[in-house]
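Visitor: Encoded as structure tokens, here's the structure I'll be asking about.
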């Protein structure tokens, strides 16, 4: 903690208004991630109305996810340069407009632009700044705070999935999208809660310290004092921007980034194809939507329990292992789903997959913060979610193409499972290599002769195999 205060100049309050930040981030995850998950419920309606196949409608979900992640650095940039409050309010307005315009769609291409691109852009401006604010307000209880905040995705899915299905049945898919547009407008209210930190240390300090980057900024003088030129200010801003992305040179972050790429390739497929798969094997519409609700509520348990557990002192240093375990188990669940062909058997899948999904989702910002530090968290999260963009874009259409080609969902769920397991194995392999390197380094250091002093002269001491003997050789200068 002392070291973090020295670097960043400030300490997070770990409570107080921070819990309002958690509440705001909770609603942001409901309005962004839960709504994105529920878009798959519209797929059957879109296929019937526009006479398109699986791969064509899957592009809608891909575009929402891809745009949300691809524009995540833009959300971080607006949050850093202006404020997180402005970013979230602007994003909420754009997302609401996108959903309302989607209710007037006349073609799938129209939905690609409104529901896919415009709504996804609004979600991007909201998601990253809100998550970063939680990390700024919390340190000791960071994992628990993130667990509560990210549980909004599961709670939202549990509530919205059957509600959206009922809205479609009573008001058609157009009316359901219009109502969702009004609901998502609550993001603007959440943005108003994201109050920047004002600390007493900054008021007492003659040179204010930037809470994100850790450097002192000298204010310009007004009465005849020296002022920096515009060119100097531009260079300073450029240097500060470069410093914000210094974490890209960290080897640990590069490995984590590779793992995220594999993770993103497989994690979205079950959410896209669980309901269509259930309908294909004969499960009713309400029961299929209820599977998403079960997945969502168990997601909450995974969010909070893993967040609370990894904040314990005995597990805090094993957060990476907990993350690897959750991702690996999620992959195993996907490998077994083609064997589950009734509602009774699909319920355990929703329970297990939802739990481990909630676990790793809550740990993504925590693990990222542990690797790059709090001062780089906002920019790092922008890059992390940016890495999800291309896999989110291509994996659902590839899954739909596999369904159209093979006539079954087996290959699609196998693709998801192997991608998730590979993500976990990458981190596990690097951890094993690091462990072996540390042991090898310890063994090599134990063999290096130690320098000791004997009667004022420097000598080399070699510990002999026989403990009763000591060999002392004068050191050569």
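From the backbone N, Cα and C atoms, a Cβ is placed for every residue, glycine too.
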Visitor: According to Swiss-Prot, which listed range is transmembrane segment: 31-51, 178-198?
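Guide: Going through 31-51, 178-198 one by one, Swiss-Prot flags 178-198 as transmembrane segment.
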Visitor: Near the transmembrane segment (178-198), which same-chain residues lie under 8 Å Cβ to Cβ, leaving out any that are not at least 6 residues past its ends?
Guide: 10, 12-13, 17, 20-21, 23-25, 27-28, 31-32, 35, 83-89, 91-93, 95-100, 102-103, 119, 122, 126, 129-130, 133, 136-137, 164, 167, 171, 211
Visitor: What stretch in 58-78, 116-136, 383-403 has the biggest tally of Cβ pairs under 8 Å against the transmembrane segment (413-433)?
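Guide: Stretch with maximum Cβ contacts: 383-403.
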Visitor: Can you see whether the transmembrane segment (344-364) and the transmembrane segment (148-168) are touching - at least 3 CB pairs under 8 angstroms, only pairs 6 or more apart in sequence?
Guide: yes
Visitor: For the transmembrane segment (148-168) against the transmembrane segment (320-340), do we get 3 or more Cβ-Cβ pairs below 8 Å once near-sequence pairs (under 6 apart) are dropped?
Guide: no
Visitor: Quick one: do the transmembrane segment (383-403) and the transmembrane segment (10-30) reach 3+ CB pairs under 8 Å, ignoring pairs fewer than 6 apart in sequence?
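Guide: Contact criterion not met.
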Visitor: Could you tell me what the rest of the chain brings near the transmembrane segment (116-136), counting residues at least six beyond its ends with Cβ under 8 Å?
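Guide: The answer is 12, 18, 21-22, 24-25, 28-29, 31-33, 36, 59-60, 62-76, 78-79, 84, 87-88, 90-99, 101-102, 142, 145-146, 149-150, 184, 187, 190-191, 194, 197, 211, 365, 369, 374, 377-378, 381-382, 385.
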Visitor: Hey, would you say the transmembrane segment (58-78) packs against the transmembrane segment (289-309), going by three or more CB pairs under 8 A that are 6+ residues apart?
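Guide: Contact criterion not met.
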Visitor: Pairs of Cβ atoms less than 8 Å apart decide it: which stretch in 86-106, 253-273, 289-309 has the most with the transmembrane segment (320-340)?
Guide: 253-273
